[in-house]
Amino acid sequence: MFLKKIKPFLYLGIFYLIISLIIRAVFFFHPITTASFGFFEVVKVLFVGLLNDIFVFILASAILALYFLFLSNSKYKKPYGYIIFGALALFFLYIWLIPNNIFKQYGGSVTEIALTFVGIKTLFFGLMLFLPTQRIKIRNVLYFTTLLLYVLVIIFNGVSEYFFYNEFGVRYNFIAVDYLIYTNEVIGNIMESYPVIPLFSGIMIVTLTITWFIYKKTKDELLELPNFKQKMVLLGSFIVLCALSALAIPSLMQIKSDNVFADEIEANGLPKFYWAFTHNELDYFQFYSQINQQQAEKNLLSQYPQQTLSRNIAPEQPEQKKNVVLISIESLSADFMEHYGNTQKITPFLDSLADKSLLFTNLYATGNRTVRGLEALTLCIPPTAGESIIKRNDNKNKFTTGSVFKSKGYDVKFLYGGYSYFDNMQDFFGGNGYGIVDRNNFKPEEITFANVWGVADEDMARKAIQVMNAESKSGKPFFNHWMTVSNHRPFTYPDGRIDIPGTSKSREGGVKYTDYSLKLFFDMAKKQDWYKNTVFVIIADHCASSAGKTELPMDKYRIPAMIFSDGFIQPQKFDGLMSQIDVMPTLLGLLNFSYQSKFLGQDVFKKEFQPKAYIATYQDLGFVKDNRLTIISPVKKAKQYSLELEKSDLAPEFKLYYDEKLLKNTDQKLVDDAISAYQSTSYWLKTKQLNK
């Protein structure tokens, strides 16, 4: 009896395990997987992966278990059938007609979902109650539909995991959670990036084929339903399995190795998605190593002349109130530029501009998302665990680069070619005193090309010139922060601009088109009266990919950055190790601004500057100093890597790749320095000390 009654679970489970194995095999051989695997490591990955998949399927089959639990013929007998039908009908009317019912209090689409579910349940219960001769047929239709939904979700999840890994080199994480929030942009991105009609047609054909196969093999079990005692035995067994699975999955997630790709491939994406969903903002003081708070602050602040959080910056030279244009470029890895060894010639303008600029050759992004880059350039503080501050509720009235410029009488704006509600940018920048220019400000005739992420960079370049001309006429200096969008999948742009057609949808095309648009912007800017009195800061928000052999591969955080001002900034290179959070304090130093600072980034030209960088994911917090990479992570873990540059023909300052070797014995001072920086920043944010 037992095996016969669980046949649907067995068939669905085997199908799920096969799909998971196929995905795992694809990940092993995917070009983004740059690690190598020994035989025993492959066996371990497959075995742990199999356990992950089994336990996940057990939990995921709970809905199917409930479906079978409530399959019964006795509930249609008088008077129970009429009582149940009446209760369902009244419940449906309650959801539909009562204005302040419990579902409407939750807001969103909860009411519509509940109304649809209860409506369908009421309809089919009524059909089976009043048409007893058709009961088996109706039950078969419902059973087939249930199987269809399960098979569709299994296949769709497998395809989604592939595309997510193809883009980011990891299983689901916080980014996947974001994708649920910004469905319009994500669906649009998929529609523009992939051949969706063949893809979805293939998914539906496979789904229907597998569903029909499982249905034919298991439908006879609906003819003889288990009695109450048999159901209780099956239910009890299932509850035990669910309890074991719920305990086992977190333990399996804690199994880590030195090979990050192995950890990702053996994982199951669904528990990782759930973890990310429930840990949107990680509490540093719950999950990370700590030292005494006063000591942590003392350690961090010892690098500043005034060893307090709020410090008076008072240069001896007079202030230079020049206009400032900060351009943060989407996904521009250092290795796209010829300076760093690229031979594709996809950044001809930026390479030429770098030779005329103050070029920071050894600079690292704080994270791997746009909101991290914007956070670093706006707040100038190390990244903190969980989501970027931009995405948090407490993201307003912060001490920002914009607030410094505003205190000097500047007109301060954020320019973005897409809709700035995306990634909470409008809420963050608007809540910190920035004016916002985004896609909503474009007239139809101003848009020559657009995709799901926004107008083409060349259109934003023209709009930026308009905005700056208007600001210049007001008589006030301006600070404008422009975030580009075109170097983002689907990498579409107008044809005829570069020698890579827009239909190629290639990363190289996206990079080269962005480079073209920046040249167009500078060509237009040179003709404006304000050009000679303007400083341009050009920097990437993050790299194109963050996947690597270790948790924090150094080359996946290396980004280009330069400051250009014709006749004001002399061309030179700064080769010292530095962070994205140091760029704006350095610029303010070049302008000789006097201000009260809460920035944790430093002016790299001051004698007290200590070469270092902060690089992080959502949970791994890295600190780079003295050829060591220290990583602190949940739960209260710390590890350290030695960093040795790999050999290449490039000049030392442009070498990208490090051999990262895990150290058995860590330098405790560097561990304490890492803890001090991240703990203090988290504490000051929590206590609102980084507000204005």
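Each Cβ is built from the backbone N, Cα and C atoms, and glycine gets one as well.
Listed features, source TrEMBL:
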type: TRANSMEM; residues: 9-33; note: transmembrane segment
type: TRANSMEM; residues: 45-68; note: transmembrane segment
type: TRANSMEM; residues: 80-98; note: transmembrane segment
type: TRANSMEM; residues: 110-130; note: transmembrane segment
type: TRANSMEM; residues: 142-165; note: transmembrane segment
type: TRANSMEM; residues: 196-215; note: transmembrane segment
type: TRANSMEM; residues: 235-253; note: transmembrane segment
type: DOMAIN; residues: 322-592; note: domain 'Sulfatase N-terminal'
type: BINDING; residues: Glu330, Thr370, Asp541, His542; note: Mn(2+) binding site
type: ACT_SITE; residues: Thr370; note: active site
type: BINDING; residues: His488; note: substrate binding site
>> Using Cβ atoms and a strict cutoff of less than 8 Å, what residues sit near the transmembrane segment (45-68) while being 6 or more residues removed from its termini?
In response: 5, 8-9, 12-13, 16-17, 20-21, 24, 37, 146, 150, 234-235, 238, 241-242, 244-246, 248-249, 252, 255, 262, 265-268, 270-271
>> I need to check the long-range neighbours of the transmembrane segment (235-253): which residues 6 or more away from its ends have a CB within less than 8 Å of a CB in the stretch?
In response: 48, 51-52, 54-56, 58-59, 62, 65, 69, 267-268, 271-272, 275
> Which chain neighbours of the Mn(2+) site, leaving out Glu330, Thr370, Asp541, His542, have a Cβ atom within 8 Å of the mean position of the site's Cβ atoms?
Replying inline: Ser328, Ile329, Ser331, Leu332, Arg369, Arg372, Gly373, Leu374, Met483, Ala540
>> Using a 10 Å cut-off on CB atoms, tell me which of the binding-site residues Glu330, Asp541 is the least crowded.
In response: Glu330
> Among the binding-site residues listed here, His488, His542, whose Cβ has the fewest other Cβ atoms inside 10 Å?
Replying inline: His488
>> Long-range neighbours only, meaning 6 or more apart in sequence with Cβ under 8 Å: which ones does Thr370 (Mn(2+) binding site) have?
In response: Ser328, Glu330, Asp423, Met483, Asp541, His542
> Do you know the mean pLDDT across the domain 'Sulfatase N-terminal' (322-592)?
Replying inline: 96
